[in-house]
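Peer 1: The substrate binding site feature in Swiss-Prot is assigned to Asn103, Asp202, Glu462, Glu538, Tyr539, Ala540, His541, Asn605, Trp1000; the stated evidence is sequence analysis. According to Swiss-Prot, the Na(+) binding site annotation covers Asp202, Phe602, Asn605, on the basis of sequence analysis. Summarising the annotation, Swiss-Prot assigns site 'Transition state stabilizer' to His358, His392. The annotation Mg(2+) 1 binding site is assigned in Swiss-Prot to Glu417, His419, Glu462 on the grounds of sequence analysis. Residues or ranges marked as active site, proton donor by Swiss-Prot: Glu462. The active site, nucleophile feature in Swiss-Prot is assigned to Glu538. Positions annotated as Mg(2+) 2 binding site by Swiss-Prot: Asn598.
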Amino acid sequence: MTMITDSLAVVLQRRDWENPGVTQLNRLAAHPPFASWRNSEEARTDRPSQQLRSLNGEWRFAWFPAPEAVPESWLECDLPDADTIVVPSNWQMHGYDAPIYTNVTYPITVNPPFVPVENPTGCYSLTFNVDESWLQEGQTRIIFDGVNSAFHLWCNGRWVGYGQDSRLPSEFDLSAFLRAGENRLAVMVLRWSDGSYLEDQDMWRMSGIFRDVSLLHKPTTQISDFHVATRFNDDFSRAVLEAEVQMCGELRDELRVTVSLWQGETQVASGTTPFGGEIIDERGGYADRVTLRLNVENPALWSAEIPNLYRAVVKLHTADGTLIEAEACDVGFREVRIENGLLLLNGKPLLIRGVNRHEHHPLHGQVMDEQTMVQDILLMKQNNFNAVRCSHYPNHPLWYTLCDRYGLYVVDEANIETHGMVPMNRLTDDPRWLPAMSERVTRMVQRDRNHPSVIIWSLGNESGHGANHDALYRWIKSVDPSRPVQYEGGGADTSATDIICPMYARVDEDQPFPAVPKWSIKKWLSLPGELRPLILCEYAHAMGNSLGGFAKYWQAFRQYPRLQGGFVWDWVDQSLIKYDENGNPWSAYGGDFGDTPNDRQFCMNGLVFADRTPHPALTEAKHQQQFFQFRLSGRTIEVTSEYLFRHSDNELLHWTVALDGKPLASGEVPLDVAPQGKQVIELPVLPQPESTGQLWLTVHVVQPNATAWSEAGHISAWHQWRLAENLSVTLPAASHSIPHLTTSEMDFCIELGNKRWQFNRQSGFLSQMWIGDEKQLLTPLRAQFTRAPLDNDIGVSEATRIDPNAWVERWKAAGHYQAEAALLQCTADTLADAVLITTAHAWQHQGKTLFISRKTYRIDGSGQMAITVDVEVASDTPHPARIGLTCQLAQVAERVNWLGLGPQENYPDRLTAACFDRWDLPLSDMYTPYVFPSENGLRCGTRELNYGPHQWRGDFQFNISRYSQQQLMETSHRHLLHAEEGTWLNIDGFHMGIGGDDSWSPSVSAEFQLSAGRYHYQLVWCQK
């Protein structure tokens, strides 16, 4: 044990937090989570241990601007002005200091290993009681599961130790410091340390004791470590559980270790042995270690599909059977290996349906509770995810147990990121920083290696490629050869990775960056000598209204076996709750706490909002990742299962044939599909509709019974086909009425019964409509070529740093947002049964014509207004965001009804999950409440739209809400939006894709850009 004077002044003088060679003082060695059961049955059933005591709850707390400001007296007693704070928590979430959101830029001046003199410091203290029995025998430990970023610990006024690495436990022996009865802990937490230079992750920078604190009482002679691994024969019919156990304390001849393996209530295997390990070299072996091997016939294999678990109980006892203590862990029999360029689990090539997940809670910051963790896992499973990357640090210990039990593949990632360094490998190639990096990698492996869900180790994130990475790669491969290692830094295909694991590489487009090119994922596989699998560690940047082009990735994954999937960036928006002056909560992002530097809303890249409400894009991910694929030939549906291990035993296939959303026939067939098998379903002869319309066959795979992660009735997969329809023509009903045209100097006015249409001759716009005496429009019907910018449109542009390549900057520079209409033509003609208004406009900016829009409005005797639009786009202007029409309707109706793709928001490059049907939703549901307001709520493939007294028919896209594009564009946060008068309607003949390969460069694929020079569309507007 390192001995240091208890004086605070001496501790401060040492400045351990500015010494990369000091990562801990007196911290105990890493190991899997312990409970020290004194009853083996409690260990088997994972009941709470009487030897493990939580110290979570209210602690005393005082905040200081720097450690030097902490008074020496605090070591002995609480300060008069100390407050209370909940542990675990981030102190910034309790009004102390401010959270800082930054992506790449370090939040402190870069001068490693030194940190600012103004180094916010939190002083925690807790008074607790210890029973005399804990002091008479054994060892009492204190475990801090997570403290950011470094801390010193005192007990009863005496210095105990020091720890850093905010995402792994720091554990200390308190035995020599405790007394029977009342004891006092004092923990001094520093916001910044030299470890902060290794923790430059894209997240909020927060501080404090943010994970659990507990006391653990172990016997004097104790289990100090244990590790389980599974080995198999070629066909997985026989397995061996290999358990390595290490003890410490008095090594006596009478000591024995028993490892028993349980499957539920049944003991499958057991073995007992005295201590004395295998011979290592000519000097012998380890006297305090032992390896046991238990044979298991026909093991129930673990996978994310079927997470079969056994329970291993490790008992330390005497020869006569007297139990000293027991430890235990869940065991999953599974094998991970790379063979012939494929990542295999239990001999089958995996397809990673993955997502990156930060530990984030909108109210609690980086504090994770079990309820939130389970909620995340259930949502992931329900949306066809099978893997999660712990980005970018080891997670709360409970997370891995839950992934074991519910079934998720885990990439466990070391808490190392130096993204803000120049060059990025400045520290990771420096041997002075190897001890700090080594602690972060080795301790992660030692803590988590018993978890079957952990199938890949990661050396960290965005830290370049240095010699330290190569050393740590070799260490992992020597200690745990059962798992591959991945690391993206330095180009994603260095010597430090078993898997090509790029981030944001595109399907077909090379990005030839200097030193670290990102090849297209298809090309990467064919590079000379490249035989590794490719799994994208990050792709599909889900920032705001995004995930366009996601289907292209999944087409490639299914086409090329060595393209084995990837991890979407990312799971949850990292917004935080703030309160306005009236106590109303609102969602905040970078800069909202006065934090500098900050990267604004770049913290919100989630498939779900911070409160776990899904983004519409989550449905697209679910659909593309679904485990059943479908093919239609005539009346035959072929269902293919992509499950590797699971036989469909809880699935029904529902099919429906509908004409314009009206069901004509339906049925239900049980699915009985072997893993990777097929089932052919023959449909009956389908009825032929008598009327015209779109005929669609829709299939849904429904789970009739509840599972551990889904309720009964859960839909896991679906598909639609448009069927051939009989050719027929429905003639409009004859009308004897003829609209009446009145011409004045200012207007053309058309009347028919109780309806009137007014066209302004000076503007050329439809300026008003009446039904009876009620006006229908608050603004004229105008052409529209812009949208409120998406995050993907903005890229890295901001007020102080313009990216001229970003779509929004190109649109602004070209004048798309400022364009004014110059009237070229506005005429009226009376036809035999209708009135025809013809208009033409040149949309100009600073004398330059950007668009020419020609429209005809044909109002017939039935009251229908048929609108025909032709648009010419100037060849030298950027491709527009949309080509459509917009107006502000006077009504506010409760519901919106449409025939088209839905029900969720969808866009041209993100619509594979949308179904064609007749949908009816509240108006409020047509708006997607992205925290950073933008274009939202589009519905594509629309044949009919009904709202209030109005109906629109044609083939168009629309969005409808209380917010104008102008307001969405000018507003920084959703809570600042105000419902405008009436309802804003946008009807588009064409709309550009949204992109999403990344959010900092134009990522809309060419096929989804509006690159043609001419566009034509039609629609009919009438009243019901």
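Glycine is treated like the rest: Cβ placed from N, Cα and C.
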Peer 1: Taking each of the binding-site residues Asn598, Asn605 in turn and counting other Cβ atoms within 10 Å of its Cβ, which one has the fewest?
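Peer 2: Across Asn598, Asn605, these binding-site residues, the one with fewest Cβ atoms within 10 Å is Asn598.
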Peer 1: Out of His358, His392, His419, His541, which of these recorded positions shows the lowest number of other CB atoms within 10 Å of its CB?
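Peer 2: Candidates: the recorded positions His358, His392, His419, His541. Fewest Cβ atoms within 10 Å: His419.
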Peer 1: List, in sequence order, the same-chain residues at least six positions removed whose CB sits under 8 Å from that of Glu462 (substrate binding site)?
Peer 2: Asp200, His392, Glu417, Thr418, His419, Met424, Glu488, Gly489
Peer 1: So which one is it: of the binding-site residues Tyr539, Phe602, Trp1000, which has the fewest other Cβ atoms within 10 Å?
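Peer 2: Each of the binding-site residues Tyr539, Phe602, Trp1000 was scored; lowest Cβ tally within 10 Å is Trp1000.
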Peer 1: Rounded to a whole number, how many Å is the Cα of His541 (substrate binding site) away from the Cα of Asp202 (Na(+) binding site)?
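Peer 2: So the alpha carbons of His541 (substrate binding site) and Asp202 (Na(+) binding site) sit roughly 13 Å from each other.
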Peer 1: Hey, for the Na(+) site built from Asp202, Phe602, Asn605, who else sits with CB inside 8 A of the CB center?
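Peer 2: Neighbours found: Asn103, Met543, Trp569, Asp570, Gln574, Asp599, Cys603, Met604.
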Peer 1: Would you list, in sequence order, the recorded positions among Asn103, His358, Glu538, Tyr539 whose CA lies within 10 Å of the CA of Phe602 (Na(+) binding site)?
Peer 2: Asn103
Peer 1: May I have the list of same-chain residues other than Glu417, His419, Glu462 whose Cβ is within 8 Å of the Cβ centroid of the recorded Mg(2+) 1 site, in sequence order?
Peer 2: Val104, Asp200, Gln201, Asp202, His392, Thr418, Gly420, Met424, Gly460, Asn461, Ser463, Gly489
Peer 1: Do you know offhand how many angstrom separate Asn598 (Mg(2+) 2 binding site) and Tyr539 (substrate binding site) by C-alpha?
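Peer 2: Distance (Cα to Cα, whole Å): 23 Å.
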Peer 1: Nearest to His358 (site 'Transition state stabilizer') in three-dimensional space, by Cα, is which of the binding-site residues Tyr539, Asn605, Trp1000?
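Peer 2: It is Asn605, whose Cα lies nearest.
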Peer 1: Distance between Trp1000 (substrate binding site) and Asn605 (Na(+) binding site) at the Cα atoms, whole Å?
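Peer 2: With distance taken Cα to Cα, Asn605 (Na(+) binding site) is 12 Å from Trp1000 (substrate binding site).
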Peer 1: For Glu417 (Mg(2+) 1 binding site), just count the other CB atoms lying within 10 A of its CB, please.
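Peer 2: Around Glu417 (Mg(2+) 1 binding site), other Cβ atoms within 10 Å: 26.
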Peer 1: Are there recorded positions among Asp202, Glu538, Asn605 that sit within 10 Å of Asn103 (substrate binding site), Cα to Cα? If so, list them; otherwise say none.
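Peer 2: Within 10 Å Cα-Cα: Asp202.
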